[in-house]
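Participant: First the structure, then my questions, so here it is.
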Amino acid sequence: MVNISNLGYPRIGENREWKKTLESFWKGNITENQFESEMKSIRLQSIEKQLRLGIEIIPVNDFTYYDHVLDFATMFGWIPTRFGDLSEKPSLHTYFALARGDKDLVACEMTKWFNTNYHYIVPEYQYDRKSKLLYNKPLASFLEVKNELGIITKPVILGIYTFTQLSKGYKKEDKYAVVKELLPVYIQMLKELEDAGVEWVQIDEPAFVLEETNEDFQLIKEIYSEICEALPSLSIMLQTYFEGVEQYHDLITIPVKGIGLDFVHGREENVNALKKYGFPEDKVLACGIVNGRNIWKNNLEESIQLIETLQSLIQPKDWWIQPSCSLLHVPVTKKKEDSLEPTVLAALAFADEKIEELVVLRKALEFGSDAVKQEIEKVKQSFEHLNKLNTKSNEIRSLSEEDFNRAIPFKERYQFQKEALNLPLLPTTTIGSFPQTKEIKIARQQWRKGELPESDYRHQIKLKIKEWIEVQESLDIDVLVHGEYERTDMVEYFGEKLKGFAFTKNAWVQSYGSRCVKPPVIHSRVEFMKPMTVDETSYAQSLTKKPVKGMLTGPVTILNWSFVREDHAKEDIANEIALALRKEIKALEESGISIIQVDEPAIREGLPLKKRNWEAYLNWVTRAFRLTTAGVQKMTQIHTHMCYSSFSDIMDAVIELDADVISIEHARSHEEFSSYLAENPYPLGIGLGVYDIHSPRVPSVQEMEQNIVGSLKVCDIQQFWINPDCGLKTRDEKEVIQALSNMVISAKKVREHYYSILS
């Protein structure tokens, strides 16, 4: 028997209703009751739609008001003491403060969810607080759907092992004790689900695909043996995804009723494990067969062959077919994409279409491939037509090793740059973007609809650039930026100006909190057409004698934050983008720009999950960055920026980028990275973010001063820069001016202190 299951569905709604409701509540435009009511409506509509489309085993508790990891942290009482002594379910105010900060309360750290572009709030364990179940959100989600729609659903739980692996605040040697303390709380949560009539529960353990799992598998077996012993009648689907599972031969001995494997990203490893060790006949196998992380149509013929191969190898109790992971990572539906080139649109499948693909696959498995011959042929034709868009070029093949390396080493060129730029000790700058006002957004919308002449739109952009050049000069910032008012998104902007990209109208996905992004689609060869940033940057430079940074998004970030073809090598696409950006940098240099920032926040997230595969990835990633930047003059200073990630384990590769200055998000996780730098000094220019831009709070001069002084304990003052954590596009203008004013004052105070010592 083959059932169709889903691991999770996009939260945001077809028209981002979730985001709009959330932000309305934050602004005080709707009451808490209205907020709860609107969110409930979005939740239930998603359930009903999945049922209509053909999902038989429907997930609940995949929905959240901010982040699913934060949900479990608050459920278990993992709430930092700075937020007060909480003995019951936290209020919405406290819940959002944990994620966003509030007044003097510093938000919890935020980082990437495995190697995706989704961000989670990092749980903080407190030794002085015992774990307990403050409320049971999976139970509430299950009962809501049962009572409102009469449907028995499958609650989704973040597994105890993955939850603790993603958390901070405890010593490594205490992991066993922390897990054992939390285990009775998990069992209580699951017991309440069992008592309410839950038949299947999906326990997500994506950390099982990490190599670190090997040393912990005895602990994992203890965890699930104890859970299954306490709850013998509860059917647990132990779900893995994003890669092939480690220790498969041990995993299949765990006494759960089902195991979910990713046969998209972990296909080879998981298939080989099945061949070698088989699969228990008393367990259900859930096959992740449709890619939950990309938007291209499923190769139906290949998927059918794969499942038939599996059926010839093993005989599980039952088969489930499902996406490879939660559909959180793809847009909701392509039905509103009426402006895309038909050739591109025909090859795409978003969340709803992926569910429809599962229905087709089940039909093929029940009645044979001939029953879906027409659907198979349509997929083949869509990619044949798409391939005709490709152009050929010998440019990459003609590259030499010189194209990947700066002509002069850092120490030598940095001295040239210091003399040319004449900057003070501890120069101040920002990361690139300033707040996108309502007026600018309306003007852009009108221009795109043809309701505002381009000349008028460009005039408004220039007025904003002029205003903020004056603001930066009045604040006495040392290196200025033009503010990126012409850009909606740091990847989309460049994709619109490069050949080989397509752009959707409504293909939004959640990045963090209410922040949604609309990734471009790279469908064919990427090529430079004409300068993309020179007009705005050179205009900004004409308004000031201070240096203005050129602002580009790097090749790896453009690649990792786009939907790319699965049948094209990522390395080749990265080099195509790098060559295009190299030409843009040359155009900026020729227009008189002496500092050029190439942002690469997505390098870390693209790392393979298994460390044994890191070297190959980091090799082509660093080469793509250097291909972008290595052609500049010795006086041109290359900056880069990284955020949302932990970098200590890839710092050798970061150094290999050979950027003159790197700015790194630091305010939420300063202790960990500073400890690393104390042992491993960074040899190039560096700026560690002195305040958190993801929170609405404005830190005091004293707080920023302390952050700077702390950073200087581990960084060379002659190569240290002062900057915020990240771009300021999403913040309020008044808040930004106050924060930057405090930043400059704190920098000057520290600078004066060091000047007095040096004199």
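Cβ atoms are placed via backbone N, Cα and C, with glycine included.
Model, not experiment: these values are computed from the prediction.
From TrEMBL, for reference:
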- His694: active site, proton donor (ACT_SITE)
- Arg16, Glu17, Trp18, Lys19, Lys112, Asn117, Arg515, Cys516, Trp561, Glu605: 5-methyltetrahydropteroyltri-L-glutamate binding site (BINDING)
- Ile431, Gly432, Ser433, Glu484, Asp599: L-methionine binding site (BINDING)
- Ile431, Gly432, Ser433, Glu484, Asp599: L-homocysteine binding site (BINDING)
- His641, Cys643, Glu665, Cys726: Zn(2+) 1 binding site (BINDING)
- His641, Cys643, Glu665, Cys726: Zn(2+) binding site (BINDING)
- 5-313: domain 'Cobalamin-independent methionine synthase MetE N-terminal' (DOMAIN)
- 426-748: domain 'Cobalamin-independent methionine synthase MetE C-terminal/archaeal' (DOMAIN)
Participant: Here the binding-site residues are Arg16, His641; which one has the lowest number of other Cβ atoms no more than 10 Å from its Cβ?
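Facilitator: Comparing Cβ neighbours within 10 Å for the binding-site residues Arg16, His641, Arg16 has the fewest.
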Participant: Take the mean position of the Cβ atoms of Ile431, Gly432, Ser433, Glu484, Asp599, the recorded L-methionine site. Which other residues of that chain put their Cβ within 8 Å of it?
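Facilitator: Surrounding the site, in chain order, are Thr430, Val481, Met490, Met551, Gln597, His641, Gly727, Lys729.
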Participant: Show me the subset of Arg16, Trp18, Lys112, Trp561, Glu665, Cys726 whose Cα is within 10 Å of Gly432 (L-methionine binding site); these are the binding-site residues I mean.
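Facilitator: Hits: Cys726.
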Participant: Ten-angstrom check, please: count other Cβ atoms within 10 Å of the Cβ of Glu665 (Zn(2+) 1 binding site), all chains counted.
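Facilitator: The answer is 28 other Cβ atoms.
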Participant: Anything within 10 Å of His641 (Zn(2+) 1 binding site)? Look among the recorded positions Arg16, Arg515, Trp561, His694, comparing CA atoms, and list what you find.
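Facilitator: Taking Arg16, Arg515, Trp561, His694 one by one, none has a Cα falling within 10 Å of His641 (Zn(2+) 1 binding site).
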Participant: Say we define neighbours as other CB atoms within 10 Å of the CB. Which of the recorded positions Lys112, Arg515, His694 has the fewest?
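Facilitator: Taking Lys112, Arg515, His694 as the recorded positions, the minimal 10 Å Cβ count falls on Arg515.
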Participant: For Cys726 (Zn(2+) 1 binding site), identify the closest of the binding-site residues Lys112, Ser433, Glu484, Arg515, Trp561, judging by Cα separation.
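Facilitator: Answer for the nearest of the binding-site residues: Ser433.
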Participant: Let's check the environment of Asp599 (L-methionine binding site): how many other CB atoms sit within 10 Å of its CB?
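Facilitator: Within a 10 Å radius of the Cβ of Asp599 (L-methionine binding site) lie 23 other Cβ atoms.
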Participant: Which whole-number value in Å describes the distance between the Cα atoms of Glu484 (L-methionine binding site) and Lys112 (5-methyltetrahydropteroyltri-L-glutamate binding site)?
Facilitator: 25
Participant: Where the distance is taken from Cα to Cα, which of the recorded positions Ile431, Asp599, His694 turns out closest to Arg515 (5-methyltetrahydropteroyltri-L-glutamate binding site)?
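Facilitator: Nearest listed residue in space: His694.
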Participant: Among the recorded positions listed here (Ile431, Ser433, Asp599, Glu665, His694), which has the Cα closest to the Cα of Trp18 (5-methyltetrahydropteroyltri-L-glutamate binding site)?
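Facilitator: It is His694, whose Cα lies nearest.
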Participant: Where does Trp18 (5-methyltetrahydropteroyltri-L-glutamate binding site) sit by DSSP, helix, strand or coil?
Facilitator: helix
